[in-house]
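Report on the structure given below.
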Amino acid sequence: MPPSLPSLQLRRLLLRSFISSSSVNTLQSQPRIISSKPLFSPLPPSRSSIFSTFPSRFFSSETNAESESLDSNEIALSFSKELTGNPDAESQTISQRFNLSFSHITPNPDLILQTLNLSPEAGRAALGFNEWLDSNSNFSHTDETVSFFVDYFGRRKDFKGMLEIISKYKGIAGGKTLESAIDRLVRAGRPKQVTDFFEKMENDYGLKRDKESLTLVVKKLCEKGHASIAEKMVKNTANEIFPDENICDLLISGWCIAEKLDEATRLAGEMSRGGFEIGTKAYNMMLDCVCKLCRKKDPFKLQPEVEKVLLEMEFRGVPRNTETFNVLINNLCKIRRTEEAMTLFGRMGEWGCQPDAETYLVLIRSLYQAARIGEGDEMIDKMKSAGYGELLNKKEYYGFLKILCGIERLEHAMSVFKSMKANGCKPGIKTYDLLMGKMCANNQLTRANGLYKEAAKKGIAVSPKEYRVDPRFMKKKTKEVDSNVKKRETLPEKTARKKKRLKQINMSFVKKPHNKMRRRM
């Protein structure tokens with residue numbers, strides 16, 4: 001058949017063009033040409049096998065293009081769905097599923113962190129995710145990525161899995177991994193396990209035991225008030241790692257956080273006898289501890305007890321710094337002694353100290369709480385002129401607005417809200433929700449709706465809620481009086497009615513002239 005030869009040659013040319021071309025457009029256009037001519041004879045079996053591979057090549061290139069355009073958040077969500085879909089599955093099966101579904105994706109640290117944060121219920125399925133990462137040739141673990149898994153298992157209090165991860169990456173785990181492990185153990189309330197981990201971490205997990213790691217462990221323990229265990233650990237390792245002044249200051253702060261002032265003074269005495277200098281940081285911690293104990297037991301003893309600590313600082317030649325004044329001002333404001341705090345604020349320059357951002361923020365909150373609104377606004381202006389205006393973020397403004405709404409100063413809260421926006425600070429969901437709730441409580445629904453529309457225009461997703469109106473601001477409903485029901489007279493009304501009736505009776509006995517007599521007259 002003569003027409004069959006050109007058709008076969010044309011098909012072979014088309015097949016060569018399919019094989020040589022790699023773009024998606026040629027792959028989409030050529031099948032249309034073939035299907036548009038029904039006169040062509042069918043391909044031989046050998047050629048059909050080659051042509052049958054084209055759809056798979058087309059779809060794989062399409063998925064690669066899509067995977068490059070996908071956002072990292074969407075990829076993390078798909079990873080999380082895969083992990084939480086079957087959390088009881090074995091790690092090998094999870095790794096195989098990831099190889100089948102996500103072989104075209106190259107993981108990075110941000111993607112791993114997002115996936116683990118979105119999958120709190122995955123549990124041990126995260127080990128399968130970790131195996132898939134190990135099998136991926138384009139990825140290699142670092143100290144940071146290992147710390148992500150350590151933090152994940154520690155957050156779930158699965159410390160067995162956490163230790164498995166650390167021992168698996170013995171040569172890779174470093175300072176970040178150690179910090180995550182210690183932090184999770186301390187926050188879980190296992191200080192003894194922390195000391196055991198520190199003793200054998202160099203042999204079992206390849207983590208260095210040096211002064212830096214000891215300082216980290218002591219700091220984490222003392223932040224949660226486990227100063228006794230931290231002090232024992234420091235004394236046991238003193239022959240290997242001799243403590244410095246920083247470690248001693250951390251131990252004093254740990255005793256002060258636990259509100260054990262006697263132990264803190266004992267340790268300070270041992271430090272001074274051992275040749276260590278007690279610095280301003282240690283005295284500030286003891287001063288804060290004294291203020292806390294006085295606030296709890298007897299606030300009137302605050303001033304004499306504070307003076308004792310300050311006199312000891314002067315006797316030992318320890319200078320005051322800004323943190324010293326911040327401790328005093330903060331504790332005075334907590335017991336509503338704002339006037340004394342303002343006096344102390346004015347005397348900071350006598351000791352060569354300048355207020356910082358924390359000083360201004362504490363005083364602004366205290367002044368607003370005391371309803372000294374004008375002075376609070378002046379303090380905000382002073383803070384800006386001192387160069388700390390950038391630290392007035394939406395979190396701090398939210399605290400100011402919450403205080404003003406709490407003392408029923410809604411109008412001033414709205415003026416602070418306007419100045420917040422004028423300074424370039426964008427309010428968030430909590431700020432709008434707070435003001436809308438207060439306006440609805442004051443029965444100002446129109447203004448609340450205006451705020452809701454403003455938030456919607458800015459793209460802030462404020463969810464509408466049911467706000468209760470304060471009964472003080474509700475309009476009192478007038479009771480409808482039924483005219484058929486006889487109203488009970490009051491005593492003045494009854495007296496007036498009796499007087500009127502008596503007058504009528506008295507006037508009835510008076511003889512009145514006739515009309516004819518009036519006309520004659």
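Heads up, the Cβ atoms here are built off N, Cα and C, so glycines get one too.
Small disclaimer: the values here were computed from a predicted structure and weren't measured.
If you check Swiss-Prot, you get these features:
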- 480-495: compositional bias 'Basic and acidic residues' (COMPBIAS)
- 244-278: repeat 'PPR 3' (REPEAT)
- 279-313: repeat 'PPR 4' (REPEAT)
- 321-355: repeat 'PPR 5' (REPEAT)
- 356-390: repeat 'PPR 6' (REPEAT)
- 486-503: motif 'Nuclear localization signal' (MOTIF)
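Residue counts for the repeat 'PPR 5' (321-355) under DSSP, split into helix (H, G, I), strand (E, B) and coil, are 26 helix, 0 strand, 9 coil. Across the motif 'Nuclear localization signal' (486-503), DSSP assigns 13 helix, 0 strand, 5 coil. Sorting each residue of the repeat 'PPR 6' (356-390) by its DSSP state yields 31 helix, 0 strand, 4 coil. Mapped onto DSSP helix, strand and coil, the repeat 'PPR 4' (279-313) counts 33 helix, 0 strand, 2 coil. Note on the repeat 'PPR 3' (244-278): DSSP counts are 26 helix, 0 strand, 9 coil. The predicted model assigns the repeat 'PPR 3' (244-278) a mean pLDDT of 91.
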